[in-house]
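As recorded in TrEMBL, the features of this protein are as follows:
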COMPBIAS  451-463  compositional bias 'Basic and acidic residues'
REGION    1-35  region 'Disordered'
REGION    451-470  region 'Disordered'
TRANSMEM  52-72  transmembrane segment
TRANSMEM  93-111  transmembrane segment
TRANSMEM  117-139  transmembrane segment
TRANSMEM  190-223  transmembrane segment
TRANSMEM  230-251  transmembrane segment
TRANSMEM  307-334  transmembrane segment
TRANSMEM  346-370  transmembrane segment
TRANSMEM  382-405  transmembrane segment
Amino acid sequence: MDPAGNRARSRSRNVPSSTRRDKTKTTPRAGEAGPVPRTRLGVWLARPLFDFHVILSVTALLVTVGLTMVLSSSSVESFVTSGSPYARFLPQSMYAAIGAVAFVAIVRIGTRTLRTWAPWLLGMAGVLLVLVLVPGIGVEQMGARSWFVVGGISFQPSEFAKVALVLWCAHLIANYQSAGADVNTALKPLAVVSVTVMALVVLQRDLGTMITIGIILMSMLWFGGFRTRTVATITVAAVSTSVVLGLTAGYRSDRIKAFMNPDLDPQGLNYQTIQAKYALANGGLFGKGLGQSDAKWSYLPQSHNDFIFAVIGEELGFVGAAMLIGLFVVVLLTGMRIAQRSTDPFLRLLAAASTTWIVLQAFINVAYVVGLIPVTGLQLPLISAGGTSMITTMMIFGFIAHAALREPEAVVSLHDGGGRWMQVVFGRPTRPATARAVYRRTTERAADRIGHTRRQGRGDVSRAARTGTR
């Protein structure tokens with residue numbers, strides 16, 4: 001036994017807890033669930049409205065980068081065809097403004113209203129998908145009959161169908177989960193509706209939209225808690241169907257041939273892919289400078305649309321392209337964090353599926369531009385030119401922001417007077433009592449865990465003192 005050591009340990013046990021170096025405080029601040037971290041980074045990450053601020057900032061950054069690169073990549077072609085370098089930039093800016101209004105409206109709308117609209121929006125989208133197939137109503141562009149043209153303005157009903165589908169799927173699965181029913185019984189209505197929508201899209205010869213619908217369905221099944229075997233089986237079936245459809249149509253099979261034989265027909269099948277690689281190689285580490293791309297001088301087709309990432313790599317270099325990919329990584333991490341923190345099953349599914357959709361579409365676009373997969377025609381979200389795509393993608397970001405603003409901590413903070421400027425624009429979620437109850441339970445559980453850990457630690461010290469161990 002070591003009397004001196006015992007006296008030292010006795011003095012340490014008598015030291016007030018306020019002077020001990022604990023890693024975590026036990027008293028949570030208003031609007032925060034759980035203990036307050038001592039580090040500055042931990043405090044910053046634990047802010048009640050942190051997720052909403054991140055999604056809002058990333059959305060604004062992506063839109064700004066997208067408009068800038070659309071202006072840069074389309075200025076030459078626009079000047080040649082219409083005499084103005086802003087011919088594509090100005091309409092894209094208008095669509096971005098419309099998308100911003102849709103973003104704010106979705107964040108302000110109540111969750112119950114969104115769920116009420118879900119079946120009606122899906123029905124309207126189905127009617128539009130049928131009408132676009134009617135000759136004289138639907139217009140064929142770039143090999144796909146998937147466009148309406150009204151007053152010189154074209155839009156794709158399949159883009160709105162994707163938004164309606166993700167909303168309806170989240171609504172349906174959440175109903176089963178809230179009722180305590182076996183969620184696997186929801187597979188039949190999900191399959192019927194999804195296959196119907198996909199069949200209408202296939203008739204339009206739009207493989208890119210079909211791939212996106214497949215991503216939506218797979219993410220809903222995965223995050224909805226369906227059997228792993230079911231998800232795996234449907235995934236294999238969807239991939240097999242995509243391959244078969246890709247081999248049956250001439251222009252789609254040409255893309256697969258070009259991918260399998262990179263050196264085949266450099267002036268024909270592989271021309272676009274080769275020019276994209278040249279543009280990326282010319283960019284080097286830091287790029288040639290904004291507006292200095294050579295590819296946009298009619299060397300790279302669709303340089304403002306599907307292959308805009310190649311122009312970004314040429315003008316901003318590897319660093320700029322990596323930073324853009326980093327923004328989508330931030331979307332992935334923040335969106336999944338929002339889904340994890342959401343207490344409403346509908347919002348949890350909506351945030352997770354929307355995040356998966358945006359991030360996977362972005363990585364698929366980057367993958368085919370750099371030559372890792374065949375060209376699919378999927379655009380780079382918020383970056384590529386396209387009015388309908390811009391509006392619908394802003395709506396999807398609005399779904400994620402809607403869920404972020406309804407996290408229990410965020411609701412409590414807003415009702416306690418936080419984020420006043422935000423409430424003017426985005427409104428204030430209702431049901432603060434429910435949010436306070438969830439926040440209180442979370443805080444109590446965190447405090448109990450900390451108390452249990454400290455009691456256990458004091459017990460270990462007492463046992464060590466009795467045995468004389470150091």
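In case you wondered, yes, glycine gets a Cβ from its N, Cα and C as well.
Automatic prediction, not curation, is the source of TrEMBL annotations.
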Long-range neighbours of the transmembrane segment (93-111), counting only residues six or more past its ends (CB under 8 A): 59, 63, 66-67, 344, 346-347, 386-388, 390-391, 393-395, 397-399, 401-402, 405-406, 425-427, 429-430
Selection from 117-139, 190-223, 307-334, 346-370, 382-405, the stretch that has most Cβ pairs under 8 A to the transmembrane segment (52-72): 382-405
Range from 190-223, 307-334, 346-370 with most C-beta pairs under 8 A to the transmembrane segment (382-405): 346-370
Folded-back contacts onto the transmembrane segment (307-334), same chain, C-beta under 8 angstroms, at least six residues removed: 51, 54-55, 58, 61-62, 65, 69-70, 72-73, 272, 275-277, 279-280, 282-296, 300-301, 355, 358-359, 362-363, 365-366, 369, 380-381, 383-385, 400, 404
